[in-house]
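Before any comments, here is the structure.
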Amino acid sequence: MAVKLSSLVFLKRIPKRVGLNPSFSSLSCEKIVQIHTETDQNPPNSSDFESKIQFLKNKLHPDSLIRVLNSTTDLNSSLILFKWASLQEKFKHNVDTYYLMILKLGLAGSVEEMEGFCNELVKENFLGFEEAFLGLIDCFVRNDKLNEALRVLYCMNSTSSRPSLGVFNVLIGALVEAKRDFKDVLFVYKEMVKVGIVPNVETLNYLLEALFEDDRVDTALDQYRRMNKKGCSPNSGTFEVLISGLIAKERLVEALVILNDMLELGCEVDLNFYAHIVPLLCSINKLEAGIRLFKKMKASKVPPDSLTYGAMVRCLCRNLYMDEAINLFEEMMDSGITPDDDLFVDVVQGFCRLHKFSEAKKFLVDNDVDITCPYNALLGAYCNDGNFATAKDLLDEMFKRKLTDSFSWNSLIGCLCEIGKIKKALEVLCRMIVLSFVPDSTSYSALIVGKCKQNEPEDAFVLFKQVQQKCQVLTSASYAELVKCLSHKEKIQEAAEVFCHMSSKKIALHSTSFDLLIKGFCALENVENAIRFLYLAHCSGTSYSSVAYNSIVQGLSELEKTDDVLVVLSRMIIDGCPLQEETYSILIQSMSLANNADHCVRFLNVMLSKGLLPNSETITSLLSCLGRHSQMHIILSAVDQLISCSDVLDSGMYNMLISGLLKEGYRSAAGRLLEIMLGKGWIPNTETHQLWVGSVVKRELELGASIKENLGQKDEVSSILADALA
């Protein structure tokens, strides 16, 4: 902890067995708590207890009471002894006895009773009670009893005594380090202000750290800007808290602004700052800022440690500044700092990304590298570049130098299998076995991928069974490749067996392979198993897309299980799986086959509202359903949308629409569609033409009858008038 309480004269009067010395650890505290917890509910041992009472009767004095309390591990017995002494004539507790009783209660976690004794100590107003409170706070903080320390502070602040700034800083620092709730930190800060203690930069640094921990970033930045008003100037710790906190909250621009503020102010920072912030900047790939700070570090004569050097070299390699990386690497070596093994790997990978394989090899040779992982990195780079001859030569060299491991052999085998050179891979595998390296699950995984690449899923499945018998686990990529290859070959039962094995091992299958498996089940009309496998996928952590659901919905539709289709649709919505164009098309066609016109139109309207368009097959199926049920008119608004946004409607669909509307008596709507159809240069088919002509003739006959009726009425009126005038 940054601050320690000063030694107090009072503490010298407390017996050593109380445990105030620095060696009093939280472990011993846990033992005390455990003893108290186990015995609190039990009556004290009568003989031992009576002997202690008898001893005190003969020699009742605060010092003798303290000795007895120290030898009493049972908290309940300690309380009884303390209260018994209080009732004795001519005996008066002192600050030491109260201190010990409060300490025992606090370490045992009896916070309420402890606070009661603290209040009694305040009322007694013993000489030195302030030092007692300070000692208790110090002891509780050192033993991670922060709730107890807070209660003691509150009791102390209720008196006229004033704890020092150091006490408050120790307590706030402990709360921050323990990541306690911000309200606890704020409580101590307010208690400090209440007694008129002015915070210093250390206090404010703790406060900033607590604000970041509580996700109050803007408040923390505001406190930083107001530090000068509180008579404080930001120091190394301030900038470390701010920059690391902002980076942790992914507010990188502001972090760089604060860093720039620090550099412009010329603030001198310490080794801890550099060792923390330089690697942090490198980890987020802010190379320019990292270099700037690293240069300041060297200018300030602060020697970089291995972590700082390593972070800088690694970041330079990531950004392919290999000359600078090598220079810094050599500087690091000249400083007597031994690089981590991983740093050699980073340098090799940097060269290989630039296709500077010879430089990578030279780097390893020049530095007398005799560890395996950098050579494995170079070997893998040769393989990925397709340079298998050089990779084989390097593997031979590594074997002679006793630098090969299973990963070395598997790297070459894996790359050969990935490009389908399974025979070459088998040759390497045989050599691996001859040289006493045992093939592992990675070796078999590579071979399975190779067999699948050569379109030999049967052989790959045999390898899988062998691995299964050995209780080994393949890589997830090889499982995915095997399931995909078996599904393509319509070997669904074998693919299902692989997936069941994966599920039993809680290994997730890639969603693309799983979708193919489900599609294969549904193609075999085994939709029930497909649905069961959705549950297995959920249990193994396998993600699946709408493709899997679409296959199931399609399968259920073909089996005419409309109700089950709607159940699966509900499951899709619950799982948050997006409904795509294909999903809606399958649903509409399914409802059309089930003659459910209302559901058809409802799905179409939702589909159009999401900007999705049905295909020709879906629209034809929908129109057929509506025509059969004389409900073509309920799709008119959707038809207007289809006409306005696409050319998805063809002449056949127009004929179906016009014919249906004419049959349902919607001649005006049919006429409007006929005009659009003719405008596109399409001629109505015979049925549509006959229906339209028939509707025209019918309309004319109806019109003629209406005129005749009107004329008859007119003649009758004229005759009446003529008779009247005669």
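Including glycine, each Cβ sits where the backbone N, Cα and C put it.
Unlike curated records, TrEMBL annotations are generated automatically.
Bear in mind that the values here come from a model prediction, so they are computed numbers and not experimental data.
Annotated repeat 'PPR' per TrEMBL: 164-199, 200-234, 235-269, 270-304, 305-339, 405-439, 545-579, 580-614, 650-684, in sequence order.
DSSP states for the repeat 'PPR' (164-199), grouped as helix (H, G, I), strand (E, B) and coil, give 26 helix, 0 strand, 10 coil. Sequence-distant contacts of the repeat 'PPR' (235-269) (same chain, at least 6 residues past either end, Cβ-Cβ under 8 Å): 201-202, 204-205, 208-209, 212, 215, 217, 220-221, 224, 227, 276-277, 280-281, 284, 286, 289, 292-293, 296, 300. As a summary of secondary structure, the repeat 'PPR' (580-614) carries 26 helix, 0 strand, 9 coil according to DSSP. Within the chain, the repeat 'PPR' (580-614) has long-range Cβ neighbours (under 8 A, six or more residues past its boundaries) at 546, 549-550, 553-554, 556-557, 560, 562, 565, 569, 572, 621-622, 624-626, 628-629, 631, 634-635, 637-638, 641-642, 645-646, 648. Each residue in the repeat 'PPR' (235-269) has a pLDDT score, and their mean in this model is 94. Under DSSP, residues within the repeat 'PPR' (270-304) fall into helix, strand and coil as 26 helix, 0 strand, 9 coil.
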